[in-house]
Structures are given as structure tokens and as C-alpha cells.
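Here's the structure, in C-alpha cells; my notes come after.
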Protein chains: 4
Amino acid sequence: MFNGVHEDRLREECGVIGIFNRDEKHLAKQLYYGLYALQHRGQESAGIATTDGKQTRCHKGMGLVPEVFNEEDLKRLPGTIGIGHVRYSTAGESQAVNAQPLVAKYRGGSIALAHNGNLVNAALLRKKLEEDGVIFQTTIDSEVIVNLIARYSRDGIVEAIERTMDLIKGAYALVMMTDKSLIGVRDPLGLRPLCLGKKDEGYVLASESCALETIGATLIRDIEPGEMVLINGDQVESHRIAKEKSRASCIFEYVYFARPDSQIDGVHVYEARIETGKMLAKEHPVEADIVIAVPDSSIAAALGYSKASGIPFVEGLIKNRYVGRTFIQPDQATREAAVNLKLSPVRSNIQGKRIILVDDSIVRGTTSQRIVRMLKNAGAKEVHMRISSPPVAYSCYFGIDTPDREKLVGATHTVDEICRKIGADSLRYISVEGLVQATGLPKEHFCLACFNGRYPIEVPESSNEKMFKRWEGDGNA
Amino acid sequence: MFNGVHEDRLREECGVIGIFNRDEKHLAKQLYYGLYALQHRGQESAGIATTDGKQTRCHKGMGLVPEVFNEEDLKRLPGTIGIGHVRYSTAGESQAVNAQPLVAKYRGGSIALAHNGNLVNAALLRKKLEEDGVIFQTTIDSEVIVNLIARYSRDGIVEAIERTMDLIKGAYALVMMTDKSLIGVRDPLGLRPLCLGKKDEGYVLASESCALETIGATLIRDIEPGEMVLINGDQVESHRIAKEKSRASCIFEYVYFARPDSQIDGVHVYEARIETGKMLAKEHPVEADIVIAVPDSSIAAALGYSKASGIPFVEGLIKNRYVGRTFIQPDQATREAAVNLKLSPVRSNIQGKRIILVDDSIVRGTTSQRIVRMLKNAGAKEVHMRISSPPVAYSCYFGIDTPDREKLVGATHTVDEICRKIGADSLRYISVEGLVQATGLPKEHFCLACFNGRYPIEVPESSNEKMFKRWEGDGNA
Amino acid sequence: MFNGVHEDRLREECGVIGIFNRDEKHLAKQLYYGLYALQHRGQESAGIATTDGKQTRCHKGMGLVPEVFNEEDLKRLPGTIGIGHVRYSTAGESQAVNAQPLVAKYRGGSIALAHNGNLVNAALLRKKLEEDGVIFQTTIDSEVIVNLIARYSRDGIVEAIERTMDLIKGAYALVMMTDKSLIGVRDPLGLRPLCLGKKDEGYVLASESCALETIGATLIRDIEPGEMVLINGDQVESHRIAKEKSRASCIFEYVYFARPDSQIDGVHVYEARIETGKMLAKEHPVEADIVIAVPDSSIAAALGYSKASGIPFVEGLIKNRYVGRTFIQPDQATREAAVNLKLSPVRSNIQGKRIILVDDSIVRGTTSQRIVRMLKNAGAKEVHMRISSPPVAYSCYFGIDTPDREKLVGATHTVDEICRKIGADSLRYISVEGLVQATGLPKEHFCLACFNGRYPIEVPESSNEKMFKRWEGDGNA
Amino acid sequence: MFNGVHEDRLREECGVIGIFNRDEKHLAKQLYYGLYALQHRGQESAGIATTDGKQTRCHKGMGLVPEVFNEEDLKRLPGTIGIGHVRYSTAGESQAVNAQPLVAKYRGGSIALAHNGNLVNAALLRKKLEEDGVIFQTTIDSEVIVNLIARYSRDGIVEAIERTMDLIKGAYALVMMTDKSLIGVRDPLGLRPLCLGKKDEGYVLASESCALETIGATLIRDIEPGEMVLINGDQVESHRIAKEKSRASCIFEYVYFARPDSQIDGVHVYEARIETGKMLAKEHPVEADIVIAVPDSSIAAALGYSKASGIPFVEGLIKNRYVGRTFIQPDQATREAAVNLKLSPVRSNIQGKRIILVDDSIVRGTTSQRIVRMLKNAGAKEVHMRISSPPVAYSCYFGIDTPDREKLVGATHTVDEICRKIGADSLRYISVEGLVQATGLPKEHFCLACFNGRYPIEVPESSNEKMFKRWEGDGNA
């Protein structure tokens, strides 16, 4: 991942934003800054669509927000309603044609859609639509959703979305716009986050509250699971369309996906991370000289661990700020020496020390192995690894990019085996209960499927090609 | 137009190519060179789609063929069947999303389509489809065609295309590909050209025979009006689907659109141009010292005029070879001096001479005016302009970009008025009959609507937004 | 500065590296990674020159290291000796022609030079050389140095450099290469850093030890003030050419210029920063709830303050990782809201808190003002600013980019006035003595001119145009 | 060569321009358009330097004029005096550092220089200067010239240039500028062209008159061999510095280098080309059906041949207008078919015809061979090749890029052998006398060394490395 120290990680697949503001002269620029604040949720493509009520315009492309847009591009996107999208995606689908928002003409005029999440029955729905003579120009779920909405649009957009929500299953935080309205929808389980803010006379929808702050909007509330909000100028209409008995919001938003200054479903992300660190110290204490973090995302948990344990927090690893995409990768001959291109040990802090190394997750284990080795080479006496999430042992089908299950070290190895593999002196993970408790929310609030395999929606074997591929040779799942 | 001396011109809107060749290891490269030979038919966007029977891949973008593709792009386009497209288009629709080929998934698998032409009932068909819940992601006719084919595909592709051809009206030379077949279709009037060639064990379809020669293929024949050819490996199946009583091929291909080394419907383009020059000399002789051409496209007609009149042909205007798109346009202050950035007079040939200036067409008249002035400034004693096409007085709705009718100087001014406007000492156009005779084909072969307003298909006022816009304030049409 | 939270800062002007390694098959790649580790010392241009003993090749350009070089560029730089340079520079001189290394042919063959520092008598020397008929193609001091070396080269390169060092005055860490040797030189006062490392059978010279570690080399020692080292394959020859009674190394390397994992003149940079924080806590205690840092560079000092004071360290400001050069700047209308594009407050940590905000320096004061306001807006009850360097009150003439003296808030305002200006509840700077003590080196080791105006070399008014300009209207200097 | 049908050719190495105009608000733009008109003289790099009397600014880079400059670049080049340069060069020296103009500071202020030509004693002069301690940063002769001028500048620029002209030997058309003056110099033999024009209140110097016309200036006269003109505002001072008994202007300017609409030393280039064609017809008649040209440069000679012989001129080969530098080269497998990517035969004109093919020169013979084969494949009955220059049998040392002598087919083969090699039915070259006569100037006016080996200046074996390399294994030269 671009700018990433850490390539061995789960990855959020998308971020969305929408603005309706009659008085906003800088709509596209606001969307730009909003997307930029959501950049951590997707670095592969970015796009903005706006409408002035008559014409819908769209600009999207591969790359980071500042790479996709220049001032000229933004000037060509006038209007009072607009939506934006950033995306990360698995390699096979990494094509320009799949960039969002998806803009289409339908019976009701223009429609544009930005989607964060993943439908589990998209393949099935595509097949049914194809049998009715529908064509598909992309491989994204959004195209299925827009086709369904267009089909059911005879009685208006609200009705159409309701009927569509009856059919689609899975995770979806949607931001849509027609010629007249901005619409936000969150799936019945609340798998992916979506919040509502106010700016001047207008409204803003966004995946995370940090995007609201960046553009000077104020958080009003989170969209409820199964809720649709329809924004027409200064009016917000709420429709409670579908509701499951329990909710199943993604707990990994708190572990690492969301930006630390965001607030999701009433919980401050940074605070939750501090608490996971404290909980980790309580559950898995160890005698040591210093606590260090894998920067930047694990610093909060490390500070929490330090506070609870009384062992001082120290910067043991420094991130190189200048690593970019164009960086030339070291070849075999220079690789070993090049370990610390992205991450450098602060030798003077490490030498002779017993270290507690706090990281937020282990997926394949490769990065952890390299970091432990780097610390040992820099003179660390002991390295005790503490992970602020439980072992990831199951793939996600709800909008998070996970490797095939057989590549999840948490699925194939015991904790002791992982510890030996990465070369640490000890390795402990926070418990599922500990993690939940750190958020301050009840266990029923969350989807914990990546830890325990209990998927909140049936993940039918026949519905999803991608899934099929992943499940091959995996009897346990 | 890029590299164009001549901005005041009708413009071909597209060129298409398709190849089916099991033995071809360089399919994408062949398509690249073929498109490159068709570059004069469209400089705005270019695209190639290929299939290996399992996966369909596509690469397209804004710009000239060599700007859109590099070696890496071509390597990522393997397969045995492929189609390509180059496009010019009116400003409003000049968007990346409208680049072709259009690739889609439908009930029958994958389908890709490249279209040269223009449907007159596209808006009507779109509306009907939208009423049935269909969405449109582009503004190109190809999307209407693919949707119709998908709808009617239950009984196979041939049946689907037949039913589609029953519905669509207008000009279309189509090259399509499914997972298994390459398909070529020419509209019932034969408005736009399409020919078939053979290369080794495979077949090639292309807008012009010059593309066949460029890749070492041999011209077999032109596709007939209303014919569909289905190519499966070494088999060519012909279906005569629709047939009008008369045909109506575009005569401007001979005047200027086609490359001079192409052969269309049995006629060598270069020969036809020489003949128009001779005819022009016969119809409109004038006493003069030299015959000169507006380079490059009018040289043949000028040589014909010279031959028939006995007045020597001389190079009077030199084209600058290095004008490109990035060229900085002169501002008001430098404009007058900068007339000859693209075209320079050869003063020594012009000074004191009575000149016959041969050009292929006059659309708005602005370029002609500037060229006449340039020649006079360089010392020409007299400038007699001779045009190798009749006055263009009606807009085209069949795939040629023409300005609104009120901007066609041939619609709003008499020949004498035009002559005064451009400052020539005399101005004469070839007659419609003379032009037809020069091609050696019967008058019934051609669409001559841009000269006489007799459209071969009804151009219903209600069917075409674009048309509407153009006809506003134009009582004569 | 690119990626910079902090635009209101002193800026290092250059970083240099040199490698001599007969067995190194990846010389250019090693230089690339080495420069990349030195990127924080200059983001404006980058360059590498190599020689295989017969031909000297050079590639340089404007931009970051990964922007200037691609794999192909590195492949075109073979050889056994090479030098590299990164540069920041004042706007006026920001031209491609001034990028280094400077490569020239002279009587002795080829010579290439990379320079970190600034000569105070360059203008004078240029003038004298010009009077002798010498031409100058750049505005950089390196061209003066190479001309002097060429002049005095009749008796060999060592003699030539000795005579040159007799003439040039100011700050210089030089890495040079001839067809046969790699040469390192440090000015007699040791103003700028330069160190020597060993890799396999070869040697490496670099501005900072972090570049050695990045390429797997081991630090041997720092080059001494006034020393020249001549490296021929596996031999290192030391020449002690010039020696001042005292030295005057730049103390700001420890405050902020150098990378925290570097070691300069025997002192670990990170440790020195921790100590400045502790000293600051001792000198300027204040009652508060939390200690926060301006990320990334002040974290060490903040941790030191936290440790010495017992007040907990917390992340109060989060840096956006994705800010790049192409980022669209907010206009007036969006600016206020956009304060936190680069830096976001972690509201949950700040609200209602009395904060100690640690930063490394204040130059103009503009950024401090904005950060204090951001914290207050996010609910901070009190903001006590603590600066880990004394007030910067004098311009630097030795290789550091400082604004004109009248723009240094430390020169024009008292500490109390600055405190009011930035809106903090209290503001304290570390004392000069405290800073020196934190490094563990004696006061005589350092140049402290930016704090106290006592320049280690006379800065003659007549010798330096740049200086002149700066001193205009400044009676105090 | 870019855009070139014809890769097998001699190549002009440079074009120069200079403007002094107090009233010109668009100086840089004028230079841009002027360079653009001279683009045929060099496509590798382009540069412009301007001065407002206080500061000299320069922008240069690799590529065509419109690729090197955008509007912003031109805006950053204000002033009243400016010079420009386009350059082609041999591969080895194709580096950015060698782009011109060369800008330097010297005792007298700023100086900038643009050079068309080649010194034969540059290496010798470089060596002498290096022995005096001078450094060289490029490999271009201009740097030698500027160093000499700087050395001798104590008594003013005129004196300095005079003394420099005493020392330098070879071909040079120089355009220079100081802070106050624009200067033009032509070598004593007048080897390379340079002319003077007037625009409004200012003056223009240029390699060819076509550059004057492009910017609306009027040709006054050619600079005389050995003349220096010094332009100060509205004053032109002429200094006759050096004069050889005879002159030796390059005759190839008329054959092919210069643009056909230029006038050089009083002769219209286009007229001279027509005359060479007529002379060729007189000297080497042959029975045939048509005369065709290799476009674009041989059209004039072909028209002349046609006129004199009465055999009709026909377009037999069409050039593809869209070939650019980024074009993907055909590999071995597609090469044979791809012959006509750049040049296509007009089959209908060629089939069954006896053809006279007129070309301007044969250097290696490879292109001729391919063209003859292409014509035969297209059905030509006979191909009689007629060349409008005599056999090129000797390398040029005066500013024209020629291959090593052993690669000149005219040096190693008899005409009959060449004819067989290229597969023509007959091959004839114009005689030296015929070519001279066609220009209308006396034989003493010209350098004819490339035909007869009689170099107008001694080409000392020891003075020129490049020459050495070329002369190896060449006993005849």
C-alpha cells in the first residue's frame, strides 16, 4: 500500500462522501477535501460526480485524490449536489472502468452512486438481470444496485430503493444522488459506517466524521442500520426501511481502519485504541524496559499499554516520510540491506533493551517477522509482541480485502507457532472480549466474523465466485 | 484538427477494425497498426478490445493511437479475436466514458462493439429502453445497440442482431466480437464503408482497405449494404439481413475522408480525386499561370485540373510538419503574423502569378479566406478558387460532424457572395453530376444529402436531440 | 516543504553521499537508496554521477529522489565510484541548472562535486576568477570550488584541494570524485556534518549515518574539521589540511535537521532530542494535564518533557500521510475550515485539557499561531508552548535557509510578545546552555550564531550579495 | 528522424534565431514561433534565453519546440533581447546538458550563445584552455567559444569576438546576446547560413528567412562570410572581421536542408530545387509513364523533372501524417508488412507503370531499397531512380551529421553497384556541375566536399576525435 510501512494488513475497500448545499460555491472543492480526509480508506482510484439539476458531470481516475484531480477538473464540476468516492480493490478488478461514482441515465433522469461495502448475492442478482437482457459494463456491485433501482423506479426513487434493499444482501454504505436529491443508505446490519453532518445551510454524508471536520461541517449523528436518508436542500427525510434484529458493525474500524480523530457510532476511535492498549497490558503483562509501536497506527495502543503497565513508551521505529509509489523496489541483492527503507530502528533507544512491540494486527505475519528481526539486529535483548486485535482467522465478505484463508497465519498456525515464525520472545493477542470491552459497546453491536467465523449473513457458497475461489481447499470455513 | 492545416472542414467521426486469427501472435499489435492506418478517421480517442475466448480485455483512452497505447498496454491484450476503434466527436460528447469499443457482459457472455456512423432514432430507442428500466452509462449509440442485442439474445447472436437491425435506423458500420466470433455489419443503405480482407489463416474487417494493406492483409470485398458477416476462425458466414431498394453510400469518402490509397466499393479513391480535378477543369476553366493545391488532401484534384487544363501544377503552399496538439496558439497580437505557422506560401512560385487554387470543400469559409489573403500578400496577381465538391448546404445526420446549418456558408450565401467573402477573383464548385461522374459509379449509389437535402432516411424532427438543437432557427431545412 | 505539516521552519539546504566499491554491481542503486535516506535534507532536486574510470555519467533533475530517477536512469549509471546530492534551495535559485552534482572536464580528467554548505566569500572569488576570464554557468558555490581546483591541479588533486581550501571560507561538506578517487572534505570549523562508513570492500561518505545504515554500511567515524579523505579502492588516505583553533558545528542538526536515527560527531540524535525535552521540563515547568507534540519531529522532545515532568504524553495532533506536492491549496473561502488538512486535532484527547505543546522551533510564528488556534477550537483549556531550541534571532550564512532577519519573530519580538501573537497561555524556550548540555558536547563544539549572532567566521558585508539583500534595512545585524 | 519517412539522410545539426526589439511585448513568443519555423533544422532539443538588461533567463530541454515550452515557460522569459536554438545531434552527445543556448556570467556581465556549425579545432582549443585551468561542463563547441570570448573580453565584446574568430576554425553561424546587444557572426567561409531581418523597430537574426516570415519580419540581407553584426536597439553595426579569398557555403541547404520557402544568399530554395529536377531530366532522361517523388522534400525536383521531360507528375507515395516519436516500432514478425506504416504506395497510380522516382539524396541506401521494393510490390513495371544531388562520398565536418565514411554507399560502391543493391531498373545522380548550375550561383560559392573530398579548411587528423573515429580504416579520405 502506498506510503505503507505495513503491507501485511487488512484493507478497507472504500470511502464515500456526499454534499447537498445550495449556497456552496465550492462544492467540488469541498468534496475534494472530504475525499482527501478519507484517503486512508482507499488509494487506488478516486472520483467525484456533481449535478446542477440539469447536467450530471463526473471525473474519476486511478490514483490518489491529488493525482486524479487538478484545479481545472474541479472547475468543470459545478452544482449544488455532489458525491465522491475513494477505492482500494483487489488486483483483478483494479481497472479504470471500475472507478466510482457510477453515473447513469435512467427513466427518472440521472443517478450517481458511490458504494462502500460488498454484496454477498451480487453474482446471483447479475445473473438474473442478465437473463432479462441487462448488460453489465463493470464488475462492481454498484452497477447491480443501479440497475435494480432503475427497474423499480416507476413509482419514485424512495420506493425503488426500498425494493432494491429487499433484494441485495451484504454490506453497503451508499451515497447516491439524483437530479434533485442526495441520498444515504446503510445496510440493515450497519456493517459499514456512514454519518450525517451539517454545514451552513446544507448537509454532508460521509464514511467517517473526520471528513466532516475537514470541511468545517458538524457531526449530527450516524445513519442507522437499515435507514435511508433523503436530503432535499434543507430537509432531511428519514426512512427506516429494513431492520435486522441485531446489528453487526465492523469492529476493525476501531482497531485500525478509521482515522484516529473520527467518531463512529458514538465512540471516539482514538480513545478506543488507547483502551485496547490498556486492556492488552492487563491481559498480557510482561517484564520489559520499553514499549514501542509500529508507527503510525499503533501508537495509541502502545501509549495505552505504557500507561497501564507503567513501562515507558519510546520511539523505537521511525517511518520514512518520503516513500511513494514511484519508489524503485530493491532487488534480491539489495533487499536485506534495504529492510529499513520504509522503517528505521532508533538504535540508541533499542540497544540492550527488553522491548514490548505493539502492533494492531497480524495477517500473514511477514511484516512482523521483518520488524522483529530488524529490532534484534539493532541490539534489542528481547522482543515481546502484543497485538491489539485477536487472531484474524476468517476471510471477510463485507467490504474488507482479506487474503485467502489459507494465507491467514491466524487460521493455519497456533499463537505459539506464529511466535516462533516471527522470531519474537513472546506473542500475545488481545481477547475478543477484551477488544469489545475496550470500545465500550456491547458485543451484539459487532460483526466479529474475522475472529470467530460467525458470519452475520449466510455466505451462500453458490452466490459468489470470488468467495468460491477463496474457499477452495478450506474445509473449516 | 490535430496536424490540420484545415480546420474548416467536415470530419469523419470514426474508423473501425476487427481481426480473427488463430495463428496471430501479435493480434493487439496488428490492431494497433490497423488503427494507426485509420487515424485520419478520428483523432480524439482510440481503443482496442481482445478476447482469448475466456476473458475480454479492453484498453482505450483520449488521444492519438500512439498516445493511447504503449508496448505494455498491447502485451496486456492477448487473444485470437480483437476489435479496434478511433473516434472524432463533437465537443459536448468528448469524454473518456464515450471512447469505444464498448465492452459488456450479457446473457451470452462477453460482447464488444465498435461503431462508425450515427443512428437517427437513437434517442427514441433510448427512451423506450429507459422506460423498461434500462440504464445508460454513456451517450453513444453503441450502448443502445448492445442493449438491444442483449435483449434479443435468447435465441443466439445472429437472431439478436437481425432483430436489432430491424429497429435501428441510420448509418452504421459495426465491428463486434463475442467470446467466439468476429462480426461485421453494414447498414441497409451502405452509408458508411466496411470491407473484408484475408490475412494468412484469418480475416480482417476494416473501414478502409488501407488498414488491410498496412498489416499485410488482402482485400476480398466490401461488405454489402444490409449484410452481416459472422467469422468463426476460417469460416465466413454471410447473412443478408436488411436491404433497401437503393443504396446511399457517402460520396464524401471519395472527396476527402478516405485515405487516397484506399479502395471503397470497388473505386480507387485516388483515381476518383484525379477525375474530380479533371471534371472541375472541364466545367470551370479559367485562364491562369499555375494550379496549386491546399496540401495534402487536394493535391490529387489539383493534379487532375492541371492535366486537363494544361496549366502547370506547382507547390504554392507548404505545410509545416511539426504542428502538434501542444502547440501554443498565437494570441491576438501575434495572430496576423502567425497565419503561416501551419501553412507557408512559396513566395517565389506565387509572385505575380494568376493562380488556380484547388481545395476539396468549403464549410464555413474561414480557412479559404485566410489562404486567399495569404496568397495575395505573397504577391499572387489573381486567385481563382476551384472546389472539388459541390456547396455543402445541409447538415449530415449519418456520422459526419457538420456545423449547424446556419454556419454552412453554402446554405446561407450564394456562390458569388462566398467568392466576395473569401476575396477570390473567381470561385467555382464542381457540379453534383460532375462529382458523381468522377467516381464512375451511378448516382443511385450515393447519399448526396449534404448537397441537395434529400436525406435517404427520414430524419424525424422528434427523434434526435442533437438534430433539434441544430435545426432551431433554421426555417429552410 | 513537501509533506510538511510545518512550513515555518529553518531548512537544511543539502545532503551528500559518495561510494567507492570495486565489487558493487549496484552502485547507482546504492546511491539512490542512500539519497533517499537523506531526502529530509533537500526535496528540490536530486542527482547522481558515476564513473567507470573512463566515462563519467550524470543524471539529475528537479523533484524528489523517486521522481528524478527510474530504473532505466540507474542502469545508465554504471561504475565503481559515484556521488549523489539532494538539495533544497531558496526560490530565486531554484533552477534545473543549479542541480548537483556538478560534473566537469579539467586538465586532470573528469571531476564531479556535491556540496552541502555555503561559502561566505564565493562572490568575491567569482569576481576574481571572472577578472581572469573564467565563465560561470550556474550560481552555485560548487562551480567556484571546481574552478579553483582545476586552476591549481597542475601538481595533482591533493595539492589542488589544499590550495582551494586555503581560499574558500564558509561551510562545506564536499564529496568529490575524479576518474580514480572518491574524496571527502569537511570545512575547518566542521560546520556541516560528514561521516565515513565501510561496506564490504568499499567505502561510503555521507552527510548522516542513517544513509550508511540504509545501504548496509557501517559507520567508521566522522570526518574531522579541516580533513580531506582520499579513497582509492580499499585505501583511505587522510590529509589534515586546515584546522581552526575551535570548531563550530551546527547545533540545529540535533534540534531538527538530522534524522533521529542518525549519529553525528558521536552523539545519537534521538537521545539528544529526548534530553532537550527533559531540560525544557526542568527549565520551564508548568501545571498541565497532558504533553503533546507537533508531529513527527517534536515527538522525542515531547516524550522527554513528559518523562521529566511526569505529565502523560498523548497524541493530540494527527498528521495526514497523503499530503503531496500536487495537492490543491484551499482558497480564501475554504481556508479557515481547511486548517486541518495537514494536521488534525484528536478532539477526544484535547477537550477540556490543559496542554503542554512541544515544538522544535519558531521561525516566523505563523504555524504556531494556527496550531494553537486549532487546539483551542478543539476544546483545549490552556495551551502552554515549549520550544526545544532558543529563539532564532539571526540569519544563517552557513548552509541553512533562513528568512530575512526582519521576518524572524525571535529577532523582532520579545518572548512575551510572541506568546501573545500566537495566542498561547504561556511560551517558553529552552536556554542556549540547556540545549548545549542536552547534546552532551561542550559549548565550544558548536556554532550558535542563529541564537546569539556570534558568527564563527567574519561575514564580510561586501562578500555576499545574498547577504547584502538580507541586511538591507536591518541596523541591528 | 521524427516524422521522417526517410531515415537514411544527412541531417542539419542546428537552427538559430535572435531578436532585439524594445517594443516587443511578446519576445519569447516570437522566438518560439521562429524556432518552430526552424524545427526542420533540429528536433532533439530546443532552448530560448532572454534578457531584460538586468537578468538573463533561459529555458531549454530535450524534444520538439512545442514539447519543450508551454505558455508558462514563455511568460517566465521577459525582456527585449532574446536568442533561440534547435538542435539535432549525434547519439553520443544527445544529453540535456548539451542543449543550447549556453548562458554564462563573465567579466562583462551575462552572455548567451547559440551555434549552428562545427569547429574543426575545438578539441585542440579545449586542451589548451584546460591546460590553463579552465573547466568544461559540456561537450559542445559553444563552450569553447564562450570561454575564448570571456578571456579576451577585457577590451570589450567586439575585440573579444575578433580575437576569438582568429582562433576558431570551422563552420559557425552564431547568434549571441549580452546584457545590451544582440550579435550575429558568420564564419569566414560562410559555411552555414545566417540572415538579418527587420520587424517594426527591431531586428531579427535567423538561420533561414522562413523564420522571419513566420513572425512577420522582412528579410534585409544575408550576413556576409566573416562578418559580425552588433545590434543595439535600432542600430546595426557591421564589422568585417575575417575574410577568406573564396567562400564555401553548404550546397546541401538547397538540395534538402532548408525549408523550400526560404531564400538563402539571394537564391529561392524552391526554385533551385525545381531547377535541379529539370537539370536531372536533361542529364538523365529515360522513357517512362510517370514521375513520382519521395514526399515531401523531393516533390519540387520531381515537378521540375516532369516539366522538363513532359512525363506527368503523379502522387505515387503517400506519407502518413500521424507518425510520432511514441510510435511503437514493428518487431521482426510484423516488419515486412509494416513497410508502409510511414509511406504508402498509391497502388492505382503505380500498377503497370514505368516510374521515374525522384529523391534528393542517397546516404546508406537502405531506405531507397525499401521504397523501390514497395513500388515493385505495388505493381510498378520499372523503377528508374533519379537523385537530385551527386553521390555523397565524404563525411562532413562542418555541422552536418554524416555517418562514418565506410557507411556512405556513395563512397564504397559505384553507381551501378548501388543500382543493383537498391533493386532499381536504372539509377542516375545529377552531376556536380548540374547541381551548381541549378542554383544559379558560381561554383566558387560552394563547399562541395561531401561530393569531391576537397575540404575548404584543412581537417587536421589530430584535432578532432570524432573525425579520427570516422577516418579509421578509410585510406581514401
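A Cβ is built for glycine as well, from the same backbone N, Cα and C atoms used for every other residue.
Just so you know, TrEMBL annotations are computer predictions that nobody has curated.
Taken verbatim from TrEMBL:
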{"type": "DOMAIN", "residues": "C:14-234", "note": "domain 'Glutamine amidotransferase type-2'"}
{"type": "ACT_SITE", "residues": "C:Cys14", "note": "active site, nucleophile"}
{"type": "BINDING", "residues": "C:Cys250, C:Cys396, C:Cys447, C:Cys450", "note": "[4Fe-4S] cluster binding site"}
{"type": "BINDING", "residues": "C:Ser297, C:Asp359, C:Asp360", "note": "Mg(2+) binding site"}
Next on the checklist: List every residue in the same chain as C:Cys250 ([4Fe-4S] cluster binding site), at least 6 positions away in sequence, whose Cβ is under 8 Å from its Cβ.
Outcome noted: C:Ala171, C:Leu191, C:Arg192, C:Pro193, C:Phe257, C:Phe398, C:Gly399, C:Ile400, C:Phe446, C:Cys447
Item to check | Among C:Cys14, C:Cys396, C:Cys450, which are recorded as recorded positions, the nearest neighbour of C:Asp360 (Mg(2+) binding site) by Cα | outcome: C:Cys450
Checklist entry - For C:Asp359 (Mg(2+) binding site), what residues in its own chain, 6 or more apart in sequence, show a Cβ-Cβ distance under 8 Å? => result C:Ala293, C:Val294, C:Ser298, C:Ser368, C:Ile371, C:Met385, C:Arg386, C:Ile387, C:Ser388
Checklist outcome for this item: Expressed in Å to no decimal places, the gap between the Cα atoms of C:Cys450 ([4Fe-4S] cluster binding site) and C:Cys14 (active site, nucleophile) is 18
Checklist entry - Which Cβ among the binding-site residues (C:Cys396, C:Cys450) has the fewest C-beta neighbours inside 10 Å? => result C:Cys396
Checklist entry - Looking only at DSSP and grouping its letters into three states, which state does C:Cys447 ([4Fe-4S] cluster binding site) belong to? => result strand
Checklist entry - How many other Cβ atoms are found within 10 Å of the Cβ atom of C:Cys14 (active site, nucleophile), counting all protein chains shown? => result 26
Item to check | Cβ neighbour count within 10 Å of C:Cys447 ([4Fe-4S] cluster binding site) | outcome: 24
Item to check | C:Ser297 (Mg(2+) binding site) and C:Cys14 (active site, nucleophile), distance between Cα atoms, whole Å | outcome: 18
Next on the checklist: Beyond the listed site residues C:Cys250, C:Cys396, C:Cys447, C:Cys450, identify every same-chain residue whose Cβ lies within 8 Å of the center of their Cβ atoms for the [4Fe-4S] cluster site.
Outcome noted: C:Leu191, C:Ile251, C:Phe252, C:Phe398, C:Ile400, C:Leu448, C:Ala449
Checklist outcome for this item: Using a 10 Å radius on the Cβ of C:Asp360 (Mg(2+) binding site), the other Cβ atoms enclosed count 24
Next on the checklist: Using a 10 Å radius around its CB, how many other CB atoms surround C:Ser297 (Mg(2+) binding site)?
Outcome noted: 23
Checklist outcome for this item: C:Cys396 ([4Fe-4S] cluster binding site) and C:Ser297 (Mg(2+) binding site), compared by Cα position, are separated in whole Å by 21
Checklist entry - For the residue listed as 'active site, nucleophile', what is the secondary structure by DSSP, using just helix, strand and coil? => result strand
